[in-house]
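Per Swiss-Prot, region 'N-terminal arm' is recorded for 2-11. Residues or ranges marked as N-acetylthreonine by Swiss-Prot: 2. Residues annotated as domain 'Beta/gamma crystallin 'Greek key' 1' in Swiss-Prot, with sequence analysis given as evidence: 12-51. Sequence annotations record features per position, and here Swiss-Prot assigns domain 'Beta/gamma crystallin 'Greek key' 2' to 52-98. Summarising the annotation, Swiss-Prot assigns region 'Connecting peptide' to 99-104. Sequence annotations record features per position, and here Swiss-Prot assigns domain 'Beta/gamma crystallin 'Greek key' 3' to 105-146. The feature domain 'Beta/gamma crystallin 'Greek key' 4' is assigned by Swiss-Prot to 147-195, with sequence analysis given as support.
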């Protein structure tokens with residue numbers, strides 16, 4: 001069973017700038033933004049998350065690489081993408097992560113796509129799935145019972161990030177194609193809960 005999250009208006013705030021170091025033009029968001037281009041920005045190069053958790057995307061329309069943005073300052077691309085294998089130096093669209101709940105998050109991982117094969121139940125952060133006993137470097141599918149999670153391609157939360165939420169796809173992610181437009185492999189080796 002997937003638990004539905006409660007969305008509250010005004011719970012999210014992020015301020016973005018078009019230059020690194022919190023310089024240049026700025027804009028504040030309290031809701032999703034499919035394209036900063038519509039606001040006259042070419043890109044976002046620094047930001048401050050004031051409340052809530054957000055996911056930033058490399059391209060407009062919530063496409064491309066995903067970056068989890070939790071409360072704090074991001075003075076440049078290396079602050080949000082320094083752990084990834086292929087960092088994007090800009091962000092072009094944003095949306096809040098509605099179901100982030102660090103204390104009550106549950107995720108089931110499956111060995112194969114379509115919820116087949118061996119499975120594991122998670123309710124904590126795992127910097128290495130192999131260290132917790134998961135065989136191999138791949139996860140075929142996910143079912144998010146509650147909360148929001150970020151899965152990473154490599155141990156230590158490095159590599160491509162995939163945001164999984166209980167209120168998207170009814171919490172069911174049957175194949176890597178549902179993890180995001182940039183997903184091209186089943187390789188997932190670390191998983192953590194997203195914090196509000």
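Heads up, the Cβ atoms here are built off N, Cα and C, so glycines get one too.
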Residue numbers, six or more beyond the limits of the region 'Connecting peptide' (99-104), whose CB comes under 8 Å of its CB atoms: 5, 52-53, 146-148, 165-167, 193-196
Positions on the same chain near the domain 'Beta/gamma crystallin 'Greek key' 1' (12-51), where near means CB under 8 A and six or more residues out: 60-62, 69-77, 80, 89-96
For the domain 'Beta/gamma crystallin 'Greek key' 2' (52-98), residues assigned helix / strand / coil by DSSP: 5 helix, 21 strand, 21 coil
Integer mean pLDDT for the domain 'Beta/gamma crystallin 'Greek key' 3' (105-146): 95
Helix, strand and coil totals (DSSP H, G, I; E, B; other) for the domain 'Beta/gamma crystallin 'Greek key' 3' (105-146): 3 helix, 22 strand, 17 coil
